[in-house]
Amino acid sequence: MLPRDILAAADHLIGMKFGMGTLDDMNHLKNKRIRSVADLLQDQLGLALARLENVVKGTIGGAIRHKLIPTPQNLVTSTPLTTTYESFFGLHPLSQVLDRTNPLTQIVHGRKLSYLGPGGLTGRTANFRIRDIHPSHYGRICPIDTSEGINVGLIGSLSIHARIGDWGSLESPFYELVEKSKKARIRMLFLSPSQDEYYMIAAGNSLALNRGIQEEQAVPARYHQEFLTIAWEEVHLRSIFPFRYFSIGASLIPFIEHNDANRALMSSNMQRQAVPLSRSEKCIVGTGLESQVALDSGVPTIAKHEGKIFYTDTEKIILSGNENTVSIPLIMYQRSNKNTCMHQKPQVRRGKCIKKGQILADGAATVGGELAFGKNILVAYMPWEGYNFEDAVLISECLVYGDIYTSFDIRKYEIQTHVTTQGPERITKEIPHLEGRLLRNLDKNGIVMLGSWVETGDILVGKLTPQVAKESSYAPEDRLLRAILGIQDMPYLQDGRPVDMVFNPLGVPSRMNVG
């Protein structure tokens, strides 16, 4: 800092006293910086090198005192680096395991922004102004997709087209119309929060208005953090997409403009809780972004070059092309870190010619390269004999017997044996005071046999311990499901087709879920 900088700051403060100039907005994104994962790892590397320096100095000092000649193997060790990074990934508040419940969670989890963590805010001390939506967030941070509860507004998501620019600033894309030699061309540019406030930016829905628009027609625009209505010829930049203000999760909600913001927030969060079904199905009503989200998640297998399918089965696909043959392995019934089933299904047959970018295999919760959450069922909003009182849900038995919402849940159990004060524990099939039918799936070693069909309450491992085990009681979970009725007891349409699910119609206007 130079002396003229101090004089300039004093001059600005004096001008503020007389009403000249403006104060800086601490909540504006131009005054904030994104600390990426690379920045956090860089800080840990500096800490590890400082610890390594102390270790080297101590080793050299000990060698001098004992009149020994230190070797490079004795001076430098990887222990400080290993312990520092293990502590960072295991104990840092922002270190999380990638959520792999479904393809949407895999891509959304990596686009989260947080005010929490070391050097940040806490959920109990952050005020409402920090949590609130700022005009500089438009096109950069989603105003809908945030966490629920005490951390609302402190954990957000990047907008669908936002990117992190130089020096950690959030940049948003815009279209600029450039005229040269009576020929108009569109140029796309990314602007930081400190740059776009000097332009008049038309809303994203104005893209439907072509260049033959009437000159006197007014369009909604944003200028200096205010929303105005200006003439079309005064527009400097145009938004590239109507969904550019929302995150990936919020952009998958059909008719989001007709829903209450609180319910849209719940919907964007509940999409990440959807588990892959045993038989996935494309949605009839969508937003058109399902295929792009599935492609960006990396769950489907894509052909990297054109060629011909030489061989295919449930384990691999062999693609021949460009004078080489590539074997593409497929994921078969693997357990994710959320106990969901990850499985890829081939979508091509032997001898078929494919092109670059074509779908070779669908993953979990994808059909034809598109996201497939839930099922397309017939839903009625009506009261039915008092069964769906309040928020209760009434479903047909065909949803149960037809495995409409059946999903695979893969869990891993680890049983340990210890030596107690009363004797050692043993894994055995000989469990006293139990009926034989409960032990039918165990082998001679007391472990469930591979391929056995087990149900709730069946024993997987027989374990004897001399100490009496304490039994824990679980409270029954409150459920919204009121009853499962037969097909003949469900309401039906004019053509006689019974509905699959019945909701209470009073829940729609109270929640403003018109969409």
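The backbone N, Cα and C atoms fix where each Cβ goes, glycine too.
Unlike curated entries, TrEMBL annotations are predicted automatically.
What you see is a predicted model, and the numbers here were worked out from it, not measured in a lab.
Taken verbatim from TrEMBL:
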DOMAIN    3-35  domain 'RNA polymerase Rpb2'
DOMAIN    96-164  domain 'RNA polymerase Rpb2'
DOMAIN    303-469  domain 'DNA-directed RNA polymerase subunit 2 hybrid-binding'
DOMAIN    484-515  domain 'DNA-directed RNA polymerase subunit 2 hybrid-binding'
Tally of residues which DSSP labels helix, strand or coil - the domain 'RNA polymerase Rpb2' (3-35): 18 helix, 0 strand, 15 coil
Intrachain residues whose Cβ lies under 8 Å of the domain 'RNA polymerase Rpb2' (3-35), provided they are six or more past its termini: 113, 129-130, 132, 134, 136-137, 140-141, 164, 167-170, 192-194
Taken over the domain 'DNA-directed RNA polymerase subunit 2 hybrid-binding' (303-469), the model's mean pLDDT: 89
